[in-house]
Ligand SMILES: Nc1ncnc2c1ncn2[C@@H]1O[C@H](COP(=O)(O)OP(=O)(O)OP(=O)(O)O)[C@@H](O)[C@H]1O
């Protein structure tokens with residue numbers, strides 16, 4: 001463990017004893033009052049700054065009313081900037097000022113205040129330093145061993161605008177004595193900010209840790225945005241929260257690059273994304289796309305887990321080849337012959353000639369991007385069959401125009417090579433014969449049977465993807481990239497002309513359309529450019545949380561979003577639910593394309609009490625998980641409880657008693673973690689326990705749902721996989737052995753479950 005604040009505040013060996021010589025309550029009250037005066041001043045300034053931003057927004061809006069184009073552009077820019085500033089200022093109200101540094105007088109005799117955003121006073125003097133600014137770095141990096149000119153570091157605890165208390169750390173006792181000799185008082189007050197922060201009750205959202213970021217975490221947060229930054233560490237070491245602070249830091253430091261290019265944050269589940277979504281706005285950042293693995297593809301939201309055996313097949317790299325073959329199949333039901341009499345000639349397209357045209361078109365690029373080339377390619381074959389003089393004399397241009405106005409030909413071309421949406425093609429997989437053909441040599445009969453079973457529950461909604469599982473989404477994405485996006489069909493040629501800007505009075509269409517728009521230009525059918533394009537997928541920064549769980553197919557999907565991006569990758573291999581690590585590692589390496597990697601490791605567990613983590617770590621060792629074991633710094637004196645040998649008919653009663661006991665002793669959230677097969681059963685118990693009605697108002701609604709619960713319920717039922725990345729004050733694990741037996745990686749899942757509680761853990765076996 002590094003010698004950071006955590007160790008200092010945990011009273012670790014060698015850390016200064018900061019309780020010695022602490023001043024009395026009067027001094028503390030005086031210090032708090034002093035900070036309150038400063039916070040009041042900052043709050044007043046915040047009101048002034050907000051009004052200024054609002055004025056700017058109104059001014060910008062009025063400028064747009066001038067009507068000329070320059071005015072509009074200027075208005076958009078001003079309104080945008082002002083709106084952003086207003087949003088930032090709004091978000092900043094909570095704990096706006098949280099830190100203060102007192103440096104030695106030769107460095108800076110004035111206190112330096114650190115806040116969620118930077119703020120200047122009316123004279124443009126710095127009032128508050130943004131926590132991400134270089135001047136704030138020392139707040140996180142100074143330690144007693146290397147104080148870097150800091151005598152005292154102070155954390156302000158507040159709610160809204162009221163300062164409740166201050167927590168000081170003395171970093172340089174000698175310097176303090178020297179300062180006091182020259183008349184500058186720097187008393188040390190409070191018991192330590194970190195412990196106060198770690199002991200707070202948990203709710204359903206993750207909170208910002210700006211006030212107590214530790215030195216080793218700060219290094220990872222401020223690492224330059226080049227190549228790939230990996231952040232590893234055992235459970236509860238702050239990997240997620242650090243990565244989110246890093247996203248906010250990157251946006252602060254290179255706003256232009258990351259705001260225009262976008263930052264994509266990927267996490268394991270919708271519940272997890274809701275858990276973390278409030279952290280970034282509280283850090284002043286809204287320009288970030290938060291997506292769970294089921295939502296990476298635009299417009300698709302999947303949250304259903306497949307059975308582990310099915311998810312393992314769908315995630316395997318072999319599926320990339322299955323999908324590649326699928327994308328080359330002829331659309332089921334499409335015609336494969338055509339004939340027509342034209343000027344004494346019988347013209348035909350048979351399976352052989354059509355096969356050749358198909359291969360030729362496929363070799364020229366993505367399938368949907370060939371739509372405009374299809375008629376011409378078919379006409380080439382047909383024109384070669386025109387032998388009669390009467391026909392040849394009319395010439396090729398005449399022939400083309402004539403057939404393109406013949407509905408039999410146009411209809412055939414459209415039916416033979418229809419635009420194909422990825423989800424529509426994905427649905428072809430439900431046909432056992434087709435699956436058998438394209439999976440030949442890749443998936444065995446049992447694997448095919450499992451896949452067919454998983455897809456047997458009815459059609460997928462082609463617009464929203466409803467019906468897809470999380471593991472289906474990378475397959476759909478792979479298909480999108482193999483097919484190309486579907487151009488939007490337009491209702492009439494006039495409308496199409498509008499979209500493509502076709503000459504309707506001297507305007508040149510080529511001036512108005514991009515090269516890729518022109519690929520969709522029509523020949524006999526009306527297509528407009530697609531609304532979602534694969535070209536729009538890439539981001540400037542990609543942040544992957546719980547990266548140990550990404551399957552090879554998910555790495556391919558995420559990799560496509562980060563070809564030119566810098567990356568932050570967060571994970572802990574011991575918590576992995578993917579059974580073939582070597583395959584996932586290879587897919588991850590391919591996704592990162594040899595970018596340079598900088599690694600950071602976190603070594604202190606801030607979540608679990610030392611007692612709970614000792615129990616979880618002993619489990620990891622017993623079952624042979626090669627776990628990275630961090631130090632847990634907070635003791636509660638309460639060991640986890642095991643209730644064993646409970647018969648099925650007493651299970652509900654026992655679980656209920658454990659939930660009652662835990663809910664009565666912790667102030668925050670309680671998770672009941674169950675094997676997947678028992679989820680709806682336990683949910684229905686929770687829904688009928690009248691003493692829990694206030695804690696779990698949505699339990700009844702989620703009994704029959706396959707979705708994990710959302711909302712803000714204090715008590716929730718979750719499967720082991722649902723708990724990834726989350727934390728609760730209390731956890732009751734129902735039938736841990738069944739969770740372990742549920743999948744090949746059940747031991748890692750159970751280890752994750754055992755590391756979710758901050759205060760109390762009970763296992764009912
Ligand atoms: N410096 C800190 N100050 C206060 N709280 C912290 C600090 N670092 C981490 N925490 C808290 O520790 C808990 C665990 O953090 P987080 O969920 O980011 O860990 P993790 O490493 O991603 O965990 P896991 O891998 O087990 O999901 C959170 O409540 C977080 O707010």
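Glycine residues also receive a Cβ, built from the backbone N, Cα and C atoms like all the rest.
Because TrEMBL annotations are produced automatically, they should be read as predictions rather than curated entries.
Copied from TrEMBL, the annotated features are:
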BINDING   233, 234, 235, 236, 237, 238, 239, 240  ATP binding site
COMPBIAS  1-18  compositional bias 'Low complexity'
DOMAIN    212-609  domain 'UvrD-like helicase ATP-binding'
REGION    1-29  region 'Disordered'
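Here the features listed in TrEMBL are placed on the structure.
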{"residue": "233", "record": "ATP binding site", "Cβ neighbours (10 Å)": "23"}
{"residue": "234", "record": "ATP binding site", "Cβ neighbours (10 Å)": "27"}
{"residue": "235", "record": "ATP binding site", "Cβ neighbours (10 Å)": "27"}
{"residue": "236", "record": "ATP binding site", "Cβ neighbours (10 Å)": "25"}
{"residue": "237", "record": "ATP binding site", "Cβ neighbours (10 Å)": "26"}
{"residue": "238", "record": "ATP binding site", "Cβ neighbours (10 Å)": "26"}
{"residue": "239", "record": "ATP binding site", "Cβ neighbours (10 Å)": "28"}
{"residue": "240", "record": "ATP binding site", "Cβ neighbours (10 Å)": "24"}
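Apart from the site residues 233, 234, 235, 236, 237, 238, 239, 240, the chain places the Cβ of 572, 602, 605, 606, 607, 630 no farther than 8 Å from the centroid of the site's Cβ atoms, the recorded ATP location.
For ligand 1, the neighbouring binding-site residues among 234, 235, 236, 238 are 235, 236, 238, by Cβ distance under 6 Å. Per-residue pLDDT, averaged over the domain 'UvrD-like helicase ATP-binding' (212-609), rounds to 87.
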